[in-house]
């Protein structure tokens, strides 16, 4: 029997937690339709494609150039990443269930608390809005930039970390990303909030339209205690606290600076845009951001601890 990978353990633990919640709290396990599957696949699983394919090309290049690094390691990486992709798919399924369950498990909402914090820091909000106005000049041509840039960072990170000969680095990145989905998904139920868009529209018209549809679904879901759920709305739950978009951005940024500094530098502008757009488009309160930073820090720490540096182990031997 092959060794169970860390992310496979994580997927099994997450699924066990989900089953426990279903059994104890009587929430239903929800499933997506094809449209929702398409979105989640492009959002989270699509970036795994270059991580699967590029090592094979890298292995062939090493063989052609007769480099000392054995191409068989890249072949093994392909098999391992196929397993990681399946584990990630299960984690994504569980994550969106955690998100849908958050306010079914905890019906309290803390939007008024977070809104008061925002009001107290009006000056800072104004600065962020102005910074976003400068960065988001292309939004009228690219209204979905918030989502697209986020996914592009995933693709770039997975692809560039995947072709490194030290395969454990990619494993750390992927494990941290998956941890954000699980820890962050469970955190949605601690102090739930919908987002500042319920108090007023943001600067992005496209985001406002999406928010309107999502809030209609959220109200229906809560009013029916989950019985009105439709698979096409699998990804439509509203959950602002913590900001997992920002948590993921911080994870990708940290690993980029740690292992591919040029990529980290390239990420500075898009990361700044995503942070400011999260506030300006009213997806998130200010308080959601440090909460997202905390989730990212915990996930990075756990990933570094649980995924060993194989190079160091070889040196010690």
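For all residues, glycine too, the Cβ spot is worked out from N, Cα and C.
Automated prediction, rather than curation, is the source of TrEMBL annotations.
Copied over from TrEMBL, here are the features:
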- 7-24: transmembrane segment (TRANSMEM)
- 44-65: transmembrane segment (TRANSMEM)
- 86-104: transmembrane segment (TRANSMEM)
- 139-301: domain 'Inositolphosphotransferase Aur1/Ipt1' (DOMAIN)
- 145-163: transmembrane segment (TRANSMEM)
- 175-194: transmembrane segment (TRANSMEM)
- 233-255: transmembrane segment (TRANSMEM)
- 262-283: transmembrane segment (TRANSMEM)
- 289-307: transmembrane segment (TRANSMEM)
What stretch, picked from 7-24, 145-163, 175-194, 262-283, 289-307, has the most CB pairs under 8 A with the transmembrane segment (86-104)? 175-194
Winner by Cβ pairs under 8 Å against the transmembrane segment (289-307), considering only 7-24, 145-163, 175-194, 233-255, 262-283: 233-255
What stretch, picked from 7-24, 145-163, 175-194, 262-283, has the most CB pairs under 8 A with the transmembrane segment (233-255)? 175-194
Stretch-averaged pLDDT - the domain 'Inositolphosphotransferase Aur1/Ipt1' (139-301): 90
Same-chain residues at least 6 beyond the ends of the transmembrane segment (175-194) whose Cβ lies under 8 Å from its Cβ atoms: 6-7, 10-11, 13-14, 17, 44, 87-88, 91-92, 94-96, 98-99, 101-103, 105-106, 108-111, 113-114, 154, 215, 218, 238-242, 244, 247-248, 251-252, 255, 285, 288, 291-292, 295-296, 298-300, 302-303, 306-307
